[in-house]
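Residues or ranges marked as domain 'Hemerythrin-like' by TrEMBL: 111-194.
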Amino acid sequence: MGNCLGTTKKSAAEIAPSELMKPAPVIKLYGHPDSFATSHVRLALSYKPVTLQFVPSDAQENPTIMYRNGVVTGSVEEILRYLDAKFPDPPVASAGSVWGWCGEKTPAVVWVVMLQHRSMVWHLERMEKWAEDMEARGGNARGDPSMGSPRMEVKKFAKSYSQLQQVLLEHAQMEEKVVFQILESADRGEIHCFVMVDLEMIYMSVILMVPTYGLGLCKSANEDHARDLPIMNGIKEEIKIIGVMNAGSPDYQEALGRLLSRLKKLKENCKQHFEEEERELLPLMEATDLNKVQHEKVLQQSLDAMRETHSHLFRFFMEGLCPQDGMHYFGLIKRYRDNVRASLMLHMMVEQ
């Protein structure tokens, strides 16, 4: 599945004769089917080169796995470390590493935003490569047989882009309603409350500079969101036009070229925008001086603001994350106050 849950297609030269192929090792997992911890472990096992046999059970307080003659039970973190020891590739346990300035003390909402950036970039690059392939074929040759006819492929492309566009829009709205609002509020009276120094002149310069800096960055980010909206809508309209054209015609080929050009522009804009946010804007969240309860509330608000992404588009979103990033995102969801909804999100992933 995409970046994390799918199986990679191999060429004929890479496929071993059936008699030489080894069956995937079998792991049995016992746990309550509605348990968040059980679903978390099931997701981790979906990344591993194993065959999972899930046995619903209320007998164990914690998820329990059986592999060969071994039995392991305990917390999710303990089980993930065990799985990584037995099946190192790909790793699923937290590596304890950092991204640039990010670390263990980084606010949860910052991780949410940055992980969403990674997923969206992956999907943008995938759509760009897909459009390049369609343009190269120009409707005159079949691509992946699973795509069907050129018109059927365009419909699949339209569906995938529509999903990506919804995630992009919700992400932008979440930033504007939650992250930027907090930073702007802090600029107007909270950030400088803990940077006071004895020298009045220095304190006054801080008071004057901090609001201008933070508010300016938020304004610039909002302008980027507004700039990209016509491009996104233009891509959607271009796909509609291609869908009713005769495959292989000169107009069809020209329209595919325009589509690819728009997608490249959107990808470039988004990558630049994300990089600027992560370099200049998101580090300011650590300077807001919010307490633990307030940071948790911000996390809830950020997840609440992306209803579609965290419901029927959740599997699509998770495709764009590598295993460790996917497990990290699930760890953030685990802190979600709506336990029923969080469990449904996990259940949606492991049952499909």
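Cβ coordinates come from backbone N, Cα and C, glycine included.
Any TrEMBL annotation is an automated prediction that lacks curation.
Mean per-residue pLDDT, taken over the domain 'Hemerythrin-like' (111-194), amounts to 87. For the domain 'Hemerythrin-like' (111-194), residue counts in helix, strand and coil come to 72 helix, 0 strand, 12 coil, using DSSP.
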